[in-house]
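Peer 1: First the structure, then my questions, so here it is.
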Amino acid sequence: MSEAYFPVESGALGVEENFLSLDDILMSNEKLPVRMETAMPRLGAFFPELSGGAETDHAIPPGSKLEIPLWLAKGLFDTKRRILSVELPKIYQEGWRTVFSADANVVDLHKMGPHFYGFGSQLLHFDSPENADISQSLLQTFIGRFRRIMDSSQNAYNEDTSALVARLDEMERGLFQMGQKGLNNFQCWEKGQASQITASNLVQNYKKRKFTDLEG
């Protein structure tokens, strides 16, 4: 039976996300703190506590601080027009980067941000002076946590893994599941339960074309 939805690979580890990926859609809806550098007419209808009401065209005044979805922040951000400036979420600021560099494994990434790596990569879109430090922190955090994730996935056979994945971000959970799948496949092979190896469709089609050419 075919699945109703075939997962689409995320493209969020960069400045552009894949709009066909459910993971990227969820990630792009994460809130980002911003500061408005210019008045924004009509946008105040969504933030009534910041606007002056109908007499000001529901405008959000300059200097207002609010949280908006990542996709909206990317759409409004313009280095020339200075519509808004982005403030780094706490988990990407220097204080937390220091924690990650000390021991990344102690942090509950899912609690701090379920799309930690993808969202952090998207921050590079906003041309911050801390971009180099953010990207380095993301890389070192991943390296520091990767081995423990894969070790855990390879040493949990037929066990409840909910506690093992509870502190992982969504990308790490995907890696954990891949490790589990590899372990299960190996255990099946070791017990003689692996499925019969068959030629791939690519090889079979190649043979058919070759025979057809010979007959012609």
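Including glycine, each Cβ sits where the backbone N, Cα and C put it.
Annotations in TrEMBL come from automatic prediction, not curation.
Per TrEMBL, the features are:
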type	residues	note
DOMAIN	21-77	domain 'DNA replication complex GINS protein PSF3 N-terminal'
DOMAIN	96-189	domain 'GINS subunit'
Peer 1: Would you mind splitting the domain 'GINS subunit' (96-189) into helix, strand and coil residue counts from DSSP?
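Peer 2: Helix/strand/coil tally for the domain 'GINS subunit' (96-189): 74 helix, 0 strand, 20 coil.
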Peer 1: Could you count the residues of the domain 'DNA replication complex GINS protein PSF3 N-terminal' (21-77) that DSSP puts in helix, in strand and in coil?
Peer 2: 21 helix, 13 strand, 23 coil
